[in-house]
Amino acid sequence: METRRKTPHSTLEQVCKRILPLRVFKFLFGPLSEFSVARRITGAVFGALSGAGLFFGLIYNIAMTTVQHIIVGCVFVGLCTLGGMFSSLFRCSVLLMFPSMIGSHGRTFLMVFVLHGLYQGPIANIQHNVQDVASSMGCNIDLQITHSKLMWRMLTEPYVEVVQEIVEDSEEFQNEAQNVSMQFQKVRDEVMGQYGFNSLGKESVHTANSTQEEYVAKTRARCDLMNPWCTEKIPVEGNFGQTFDKLNDSINRLAEHFTTNLVLEELEQQAVLGVNVLQDFSKELSREFQEKTAIAEKISGVINFLLSFTFITVFTSAFGYVRQYCRDILFDNVYITTYFRQIDARRIRAEKRHLLPLKKAERESLINPWRLSIHASELMPVIVGFLQVASLALFVCVLLAVDGILYNIFDLIRRHTFTTYSITSVQHADIVIGGDSMLARLLRKTIGAFNTSSNFDIESSNLDCLPQPHSLILSDYLRIFIPLLLMFLMCLLQVYSNRLRRVITAFYFPKREKKRILFLYNLQIQKRISFINRQCHRLRNPKQTFVMVLSGVLAPLKRVGCRLLWCCVCEGFVRQNQAVECSSVGCTMIYCQQCWTDLDNICCICYPRNQCAPQDSSYDSEVYYGC
């Protein structure tokens, strides 16, 4: 038996019924038994598309190989396809991700995205500029070390060349020394010879104690034809023997094997701050910064993982909303929906107790989803969101200011630290040794090696060592401020996106939505009756209320045709043409039309308690549908 379609109970259903074709409308809002195959196919396509989108948002940023990405992607999309085909809960959770992205979870995702932009922008730029300045310092240190090496080489190179020349001429020097020794042998034979005297003279020679005495004795022995003269005037100097001994010893030493070796000793430099100054300082800095860069890349990977994790929280929050919606009938059940108004209109036609328009106290707990104004219960999340965005914006501004200040400082250093170096050295030594004697030849071999001449002139500058700081480009600022502006807009739109969540969930669970609205309406009826009873009890209390005192004070205004009226029950302002005054003599109670109806047109002051209490306590009797 075909059932007749009832009146649409939601604004979405009413709009779709007007603009969509009948078959499409039935496909969207009809029973699940209709178009079952088409529903399964549509759900599978929806699940596959949503699975692909979720994969790129959740898992793609996680570090995996290409093969692993393909395998995990296929499995994930397959599971989402099955979920979209058979589960309304899954399809509803996926759609709820869009309004959730506008809420707090979306702001968290954008906050991580802003942090990623800060890391890729000003933080990376600060790191790059500091590294560039440090590299510039290292380059200048290397340049100073290079200049010091050149100057030291200019000072030591002549001496090294002299020693090297002596080493190279060692064989010639040895030959010259042997020639000197051979020529001195004649002198030695003359002094030490045993000729020209007889045996008696030899005895006196053997008894001599030194070369001087021996030579004197030999001379005397050779002068025995002129003995008196030789005795008195012997031609031998007093220090001849000592001089001969020293010269003979020197000639003997000179005749020995002559060798020369060049030994250069390099002193080990002490490390300064763990770096050898004589080594390449800039290379050491590059190694240090490469280690820091590796750490920075790991941090970037962590931020990418957090982006995926925050995207997961968006899905879990949407899924959690659907679960609570289906389990807790009070969860987010504070909206005056179309079906709520339909119930109230039906009760008005049946002349039963109704709720609309709401009392002043009731407007604080119920929300009209079509009103653009933010309800008091919705204001706190908006304030918290604005505080979060403001604190993040302050942090961004401070970081950008630091980056700008450092850039200006480094640029000032670049423009005012250009230095030109000029290293000039002129060295000329010319030692002239004349003569052809043995000593002259020896001196020419030794001291003559110091005859050197060198000219050194170098012009250099630290142009290549100057820092080259980078400033942020427009895309870096857009990468930061666009998400911040979106977060600001999300704070404004969060209220309306939260209202949209109920609309999406009600589309997938219409029976549950109907049960929730019926429960809310009957609960408000019960609260209304309790409120009326409390107010009647309060009005019977002899203690005057603020409204009663204010009405008495403003009563004289009635004489001049201006009168302000307040309902004594709900304490709301009442227009004079809508006010109901008690007709009893001496009673000054004033009621609004709705409160008068709730009291069954009976004044709660003029009649006993059991007569003025509300008697119509009937609830809406529509059937409760299951979950």
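Including glycine, each Cβ sits where the backbone N, Cα and C put it.
Note that TrEMBL annotation is computational and uncurated.
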18-40, 41-63 - the one TrEMBL records as transmembrane segment: 41-63
Which range, 69-90, 553-574, does TrEMBL list as transmembrane segment? 69-90
For the domain 'E3 ubiquitin-protein ligase DCST1-like C-terminal' (566-608), what is the mean per-residue pLDDT, to the nearest integer? 78
For the domain 'E3 ubiquitin-protein ligase DCST1-like C-terminal' (566-608), residues assigned helix / strand / coil by DSSP: 6 helix, 7 strand, 30 coil
